[in-house]
Each structure stands twice: as structure tokens, then as C-alpha cells.
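> Please find one structure pasted underneath; my questions will follow.
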Amino acid sequence: MTEPMPKGYSPRLYNQDLGPLPQKWTWYNIFAFWMSDVHSVGGYVFAASLFALGLASWQVLIALLVGICIIQVIANLLAKPSQQAAVPYPVICRLAFGVFGANIPAVIRGLIAVAWYGVQTYLASSALIIVVLRFFPQMSVYAESQFAGLSYLGWFGFLALWVVQAAVFWTGMDSIRRFIDWAGPVVYAVMFLLAGWIVWKAGWANISFTLSEKSLTGWEAFSQVIMATALVVSYFSGPTLNFGDFSRYCRSMSEVRRGNFWGLPVNFLAFSLVTVVIVSGTLPVFGEMLHDPIATVARIDNNVAVLLGAFAFVTATIGINIVANFVSPAFDFANVAPSKISWRVGGMIAAVASIFITPWNLFNNPQVIHYTLDVLAAFIGPLFGILLVDYYLIKKQQIDVDALFNDGPTGRYWYNGGVNYTAVKALILATLAGIAITFIPALQPMANFAWFTGCFLGGGLFFLFARHSQAHEGVTMSTAVPG
């Protein structure tokens, strides 16, 4: 049953999905969220790639720990305003960007999620096709003809997973929470079984925690450690930016911090170690090093094991897609027109859009993927800096919840026509700097650090501009929720 709109709230800014909701989640739900985010085919390949940089295993572990601890700190910082006000990321953006200006960071994050939703669905469908061909080799005839760059069999796998993900999403946030609560542990169980089988077949003496033939020392090794740390931060920057979409449901910040501790440094380190054991063992067992977990599972001469492994990794990819790339644009697009776009409709807009970008063509072009990652980091970094500076330094951790849904010119977050041009200016300048780093050859060595550049530049510029702006005042209204 639809509840009446709170008095003074504007239908241009409010619907039940965007407004404050009951906070029932515990630390385990946050832990499970991060398990779903980490435990994917993409996460597996990414973790393995860090051990192939030519670094000693202890150097890789240092990079992993430093990078993921940076993410943990940032996740805790970004979680607080949403947990405090019980509202999602795009609504929190109204503090810094204005009640209508918030659509800028919301749409940016939403479009990024659409692209990755398509890519992750394609990756999972590729895994599904491997299993289909294992049991039904006669289906290979449908892999020969193509439409829009994808085989007919590829379309079958992609659309099958597209429908499954949409069905899980449509059941609502409570069902999504229940899904991710068991998805992460299931993947761990299968990975431990797979690692045990690999070690048994290869012998522990043949397992190495270095996946590269070259060995770096001195300054080369140090610079690679720094780069690996930056890669970890960039990899997790997307879901961390809109982490408030999930922290809003938590009972307290202590629950959030506990969940982040187990879900980020502890979970990511454990997942990475198990991953490198499996990848390292594929060389003596299969005669070649396999970085794709689905390809590894498909080589096992046991149909039950293949089915179990494929189910686990497809489930994992569905999990990360829903939490990182479905929920986010659902809130982001709903924020644009709350009276017309519900959370479910926003999510389906993202899902449909993911088909039309033909993600398989995007993913199969390494140069496009490379530039896409760096450009996206150039947009995301400044948003982190602006949001953190605004909440902690400008607003002093105070939020006027009612004003977040007030579109009147006297509203606290109205600024100038509903837009805070101070934040927009800082975002544009910092993003342009990040894009310049990506495309100007002389600045290419800094490309892997685009997130850090954007974050510090965006936050710094915003702070300097805001100091001279009368638009930013301390929240003194009685409806403010203190930090």
C-alpha cells in the first residue's frame, strides 16, 4: 500500500524508494554485500593479475592490504551520511550539488553502472555457454552465425541471464538481501573445493604465489607496488561511491564498520590467496595457466563438478551485477523523476539500456576497455572528493533531511535554481584534468592514478570555491540530523 507523502515534500524529489526507510540490516548483510562484489569472474581475474606483475608475493600482499584498507576507510566515510539519514546515494548528493543538481552525479554513476551491467552479464553468459557446450556439443552450430557481433548461442546465454537478474531484482530489496546473504558463502565453498582439488592434483610444491616469469627489484618493484595499490582502489571505486545505497539500511555505523572490516580487507585477502593457488595450480594440472575460473572448472573431468562450479560462478556474477550495477542505477534514474520513475522502473531502464550498448563489442576491444576504465575513473574520483569535503568539512556532518525533499527557493539545498554551481564547477575542472591525464601521451604514466588525482583535485577545488560562497552555511534547523 502506498503511504502518503510527508508534508512539505515535493513529488519532484520524493518517492517511497528515495525517502528514509527502516534500518534493519546487520554487519553480516554488509559483509555479504562485499562478498558478492568481490566474488565474481572479474574479481577472480583481477586478483590473479596482481600476482602477475613481477612482484614478490609479500609485495603483492602489501599492495592488496594498503589498497583495500584505503577503500575500507572511504567506504566508512561515505556510508555515514546515508546511514545517518536513511536515504540512498543520489539523495545524499543533494547536499553538495543541490536538489536538482544531484542528478548530475546520479546520472554519471547510473551510466557507468549500465555499461558494467552489460559487460558482467556478457561475462557470465560466456561461462554459461561453456557449460552448455560441454553437455550439448551439438549446440555449437548456433555459435557460428552472428547478429550485432554476438552469436545466436551468445544471445541465448546473454538474454537468459538478463532475465534471471531482472527477476531477482524485481522481487525487491529484501529478496536481494537474502540472495547476496548466501551467494558469497556458496562461492567460497566451491572455491575452497576447487583449490583443494588443484593442490591435490598438482602437489603443494608446484604451487607458487608469483604468477609472472619476471622478477622486479628496487625502484621498479616499488613503483609496481604503488601502481597495484592504485589499481585496487580504482577497481572498487564504483560500488564504493554508491555504497550509501546499502548502508542506509543498517542499524548503526558500528554495524557498517564491522561489516566493512570483514567484507573488505579480510574477505578480499582470503579471496585473492585462494585465487592465486587455483591459477598457479592450473599450469601443472592442465599444462597452461588459466585465469578464468569457468574455463578451469570446464576442464575438470567430472560433470557434477562442472555444473556445481559453473552454478557458483554464474551466481557470483549475478550477485555483483545486482549489488553494483542494478541497484545503483535504479536509485539514480528514479532520482531524476521520482513521481514517474520508481526504483523498479529505474532498474529496468538500466537493464534494457545494457542490451543496446552491445557490451560484448565493448569488452572484446582491449583499447576501448582501457580508455573506458581510465575515463570512468576520471569522473568518479572528483565525486568522492566533493561529497566527502562537503559532508565532513562544509556541512560538519549535519543533514537537514526534510530539506533534501524541498524544491522551494527557501530550501536549504536549493542553492541557485536547485543547483550548486560551486560543486558543478569543481566537478568539471577535476574531470577535465583526469581526462587529460588519460589522453595526453606525456601524462600517460599518471593514468593509473586518475582516481587519486580526481579525488584530491575535486575535493580541493570544491573546498576553495565553497569557502568564498555564501551558499554553504551550517545546518541549524531543528530537522537537521547530527552526525
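Even glycines carry a Cβ here, placed using N, Cα and C.
Take a look at what TrEMBL says about it:
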TRANSMEM  27-53  transmembrane segment
TRANSMEM  60-79  transmembrane segment
TRANSMEM  85-104  transmembrane segment
TRANSMEM  111-132  transmembrane segment
TRANSMEM  152-170  transmembrane segment
TRANSMEM  222-243  transmembrane segment
TRANSMEM  264-286  transmembrane segment
TRANSMEM  306-331  transmembrane segment
TRANSMEM  343-363  transmembrane segment
TRANSMEM  375-394  transmembrane segment
TRANSMEM  422-443  transmembrane segment
TRANSMEM  449-466  transmembrane segment
> Thinking of Cβ pairs under 8 Å, which stretch from 85-104, 306-331, 343-363 has the most of them with the transmembrane segment (422-443)?
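Comparing 85-104, 306-331, 343-363: 85-104 has the most Cβ pairs near the transmembrane segment (422-443).
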> Which bits of the chain, at least 6 residues beyond where the transmembrane segment (60-79) starts or stops, bring a Cβ under 8 A of a Cβ in it?
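Distal contacts: 50-51, 53, 209, 225-226, 228-233, 236-237, 240-241, 243-244, 247, 250, 253, 256-257, 260-261, 264-265, 268-269, 272, 384, 387-388, 392.
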> Please give the sequence-distant neighbours of the transmembrane segment (343-363): residues at least 6 beyond its ends with Cβ less than 8 Å from one of its Cβ atoms.
15, 17, 110, 113-115, 117-119, 121-123, 148-150, 154, 158, 162, 165-166, 169-170, 325-327, 329-334, 369, 372
> Please report, as numbers and ranges, the same-chain residues at least 6 past the borders of the transmembrane segment (375-394) whose CB is under 8 Å from any CB of it.
74, 77-78, 80-81, 92-93, 95-97, 105, 108-109, 112, 115, 234, 237-238, 240-241, 423, 426-427, 430-431, 433-435, 437-438, 450-460, 462-463, 466, 472
> Ranking 27-53, 85-104, 306-331, 449-466 by Cβ pairs under 8 Å to the transmembrane segment (264-286), which is first?
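Top-ranked stretch among 27-53, 85-104, 306-331, 449-466: 27-53.
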> Thinking of Cβ pairs under 8 Å, which stretch from 111-132, 152-170, 222-243 has the most of them with the transmembrane segment (85-104)?
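It is 222-243 that shares the most Cβ pairs under 8 Å with the transmembrane segment (85-104).
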> Can at least 3 Cβ pairs under 8 A be found between the transmembrane segment (27-53) and the transmembrane segment (152-170), with each pair 6 or more apart in sequence?
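When sequence-distant Cβ pairs are counted, the transmembrane segment (152-170) does not touch the transmembrane segment (27-53), since fewer than 3 lie under 8 Å.
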> Near the transmembrane segment (306-331), which residues from the same chain, at least 6 beyond its ends, have a CB less than 8 A from one of its CBs?
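Long-range Cβ neighbours of the transmembrane segment (306-331): 17-18, 33, 35-44, 88-90, 106, 109-111, 113-114, 116-117, 120-121, 123-124, 127-128, 130-131, 134, 161, 164-165, 168-169, 173, 176, 179-180, 183-184, 186-187, 189-191, 194, 238-239, 242, 245-246, 293-294, 296-298, 300, 343-344, 346-347, 349-351.
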> What stretch in 111-132, 152-170, 449-466 has the biggest tally of Cβ pairs under 8 Å against the transmembrane segment (222-243)?
449-466
